[in-house]
Amino acid sequence: MEEAGAKPRKGVSCLCCICDNRKAALKRPKTLQQICRECFYEVFEEEIHQVIVKNHLFRPGERIAVGASGGKDSTVLAYVLSELNRRHNYGLDLFLLSVDEGITGYRDDSLETVKRNEIQYGLPLQIVSYKDLYGWTMDEIVKMIGLKNNCTFCGVFRRQALDRGAALLKVDKLATGHNADDMAETVLLNILRGDIARLSRCTAIITGEDGPIPRCKPFKYTYEKEIVMYAYFKKLDYFSTECIYSPNAYRGFAREFIKDLERIRPRAILDIIKSGEDFRISTSTKMPEQGTCERCGYISSQKWCKACVLLEGLNRGLPKLGIGRSRGLDNETEKREMKGRSSDGQTRSIESKQCGTLDF
Amino acid sequence: MQLTLEFGGGLELLCDSVKIHNVSINPENGVGKLVMKDLLSWVRSNLIKERPEMFMKGDTVRPGVLVLVNDCDWELSGQLDTTLEEKDVVVFISTLHGG
């Protein structure tokens, strides 16, 4: 803990450039300013308040679920939203929503953290699990599909699980802790994969307004480093281990690159987001159209939504179904395969697991 | 020189899950000066029991690992050139995990 009378180290007796009074504790990557703890709390919280107000993220009286994993971003988000809600009278009813993917040694520990957050912040908690919703835990899925493409399954299932949980809580919106670093990584990922449809949507601060539950990202312009420093100085309780299945994720490469970039020119992160926002798709590019899934009614640009395709693959023992690029704009070939024939032409009888309803 | 080293954000897993280490380090050069660069080297050789690439990249910490000396960002004190003094507390926090 810092004391007011701490002797300044040789060469580091710089004062906060905002208050010019207290000793500087960190250098903000966003602005390269050297500021003290108290001024940091103020600018950090004020900037997020401005993002919320300028982008009209919330309306008074709304019920908002905070996607809470127990990790640094969601814990800080829950803390800061609570605080700003009180301070600025947003008039919101806040809840914590957690998804249990069934990853032993990772999710069970982080859920303990969310349960503590429930008490610490006084926000009601709802947990939804893959087992209940789909009949499969991530551990079971990985056993079937191996260690590749795990994030594809998990990400798709989690998106719907959050919508399900949000419906149970009867909330109007979902707030997630995606930060500036995440956004920049996503822009890069979509460029690296040539995913034009996602590229045009991924920087939006509010998404899914035409779906079951709109979502917003109050931390869109907030640097990961600042979130961690805020949590550290305020001694916020969060869980911090990498998902055991993530080392093979493609996102890791984009992340490595962004981190290296940040070191040389921290502003690059916000600039990449800006580039993402300002991309315009040529009018001659064919874009997928949005419809609804024939099986469950969820929004989808194909005949079946991704979750239904993946689930079908799991239940029929076809782990590659829905993985990899389908060349056309619909997945007719995938549907034909799903109608009972596996890739080697033989019909297989695999015991189907009971899956919950996905009706929307 | 007595120092307290703390590992957070998952880095403790590289050091046998011990978060706080009280260590005694003898500065290499005769002047008795210890800089962060030397400390990092020492940590990698003596405390990191597995996957050193998660902690360091080249001469410095892996991008995404924050370093605090007495609760101050090491970017303010010269990063690798930061001089360490008796009883200093150095904290390493990784930001590279889910949020």
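Any Cβ shown, glycine's included, is placed from N, Cα and C.
No curator has checked TrEMBL annotations; they are predicted automatically.
Over in TrEMBL, the protein carries these features:
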BINDING   A:G67, A:A68, A:S69, A:D73, A:V99, A:G177, A:D182  ATP binding site
COMPBIAS  A:329-342  compositional bias 'Basic and acidic residues'
COMPBIAS  A:343-360  compositional bias 'Polar residues'
DOMAIN    A:64-247  domain 'tRNA(Ile)-lysidine/2-thiocytidine synthase N-terminal'
DOMAIN    A:291-321  domain 'Cytoplasmic tRNA 2-thiolation protein 1 C-terminal'
REGION    A:329-360  region 'Disordered'
Cross-chain proximity of binding-site residues to B (CB under 8 Å), evaluated over A:G67, A:A68, A:V99: none
Residues near A:V99 (ATP binding site) in space but at least six apart in sequence (CB under 8 A): A:G67, A:S69, A:I127, A:V128, A:S129, A:Y130, A:R158, A:A161, A:L162, A:G165
Secondary structure composition of the domain 'Cytoplasmic tRNA 2-thiolation protein 1 C-terminal' (A:291-321) [DSSP: H/G/I, E/B, coil]: 10 helix, 4 strand, 17 coil
Reduced DSSP assignment, A:D182 (ATP binding site): helix
A:D182 (ATP binding site): tally of other CB atoms within 10 A of its CB: 24
DSSP three-state assignment (helix, strand or coil) for A:G67 (ATP binding site): strand
A:A68, A:S69, A:G177 as binding-site residues, winner by CB count within 10 A: A:A68
Residue among the binding-site residues A:G67, A:D73 whose Cβ has the most other Cβ atoms within 10 Å: A:D73
Largest separation between Cα atoms (Å) of residues that the record links to ATP, namely A:G67, A:A68, A:S69, A:D73, A:V99, A:G177, A:D182: 19
